[in-house]
């Protein structure tokens, strides 16, 4: 059935490949830090010296942004969308279709490898230092850490399924310009990556709560700073699990359609 | 004179080439409009509860953003081609710019005239009108001329940085990475008023990579905002900063060119 050894090899290979492109790691980390600086400054200016706003302390809000920036580093370290689109456009993807593995899973495991490399060599050292030097609020309960890690992982899977499905739309649309920008916008705003959902206007917050994007950043971040607490943690993770199933089915549907289309065209 | 004539001939050829793919052209404009609208909506959501970001309200921030978008639009038209210099060098196709009897910098620049920046123009002009009505900005001739001069300054600053980044390719055969580390974050930082950043960052964006002169300083002059740490009306220097920065960029590029060795592939 599921060939662990095969997919494990993809993860390992892409881990090793990341080690070769070390300059990539540094440049990615550099721009991650700049965006952290930007959003940190923006939230500092928005609070304008107030201790709390909307029932959330400044310290918790700053922690939210730092954690969010960490997760966006994690989410951004996989195969970029344009690389998959380029493979579709140039027809290279047909070579992968001929091989005895499942393409969406193969990329997922390759992402595990490169993300893991980026995490241990760059992200974790940087953010551990940040947590020491900045005045941030860390959860005391190890269970919260566990819930956060799990939620962050599910969020990663949701993001992967949505992004991959969008990448595969290239099979149907030659030019994905407009669609892609809507996707990026939804990813950045509706996921709560830079503005938590509780600061949204009411109607927009409820709109976002019916969409999968909140599972990527908002839920893990809010669990980390304790805005989602107690039994709410379980319901939130339940929502995430629901969305990971839905987005995975969506990805499968798009993939089946797309791969058939290639066969029809003769590759 | 010869160069001006030549520029328009090359540009006309470029436009004809791009209009071959009308659907792609149209989708790119839609895409740009969506992504700028997305940033504007994000600003709106951010200020929904807080009203102000370092004394700047929503409309003032839109104005600041629109200046950046407008000059970036012109910058794409004129200088965006420099972003692909590394590909030309890697593939060895750069050599053909050297065997022709015109200045290679000029030739490379005129090779592509990216007309897809209509998105930027539509967006920024719409915002200018909307914000002028909301903030009752009084547009005198002096004001309009200053805005135009500031936009030219902004185009030269951003274009200059694109040129410098592309010049890295002469030494390293790679420059795309630098774009994503320097240009992309710098453009994002300056979408928000610089006053919110730590003093060091403000100095950096004023005097090292002078993106403050693209929109923050000029917008402060027009809207009458204070610029702490900087002299009042420093925005009037935008065009001058643009010219100086671009000349420096040009010499860096030419220096790189003199070091250029073909990859020969």
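Cβ coordinates come from backbone N, Cα and C, glycine included.
Unlike curated records, TrEMBL annotations are generated automatically.
Here TrEMBL gives transmembrane segment for one range in the set A:8-28, A:29-49: that range is A:29-49.
As stated in TrEMBL, the feature transmembrane segment covers range A:61-82 out of the listed A:61-82, A:83-104. Between the listed ranges A:182-200, A:201-219, TrEMBL ties the annotation transmembrane segment to A:182-200. Under the criterion of 3 or more C-beta pairs below 8 Å, with sequence separation of 6 or more, the transmembrane segment (A:182-200) and the transmembrane segment (A:115-136) do not qualify as touching, having fewer than 3 such pairs.
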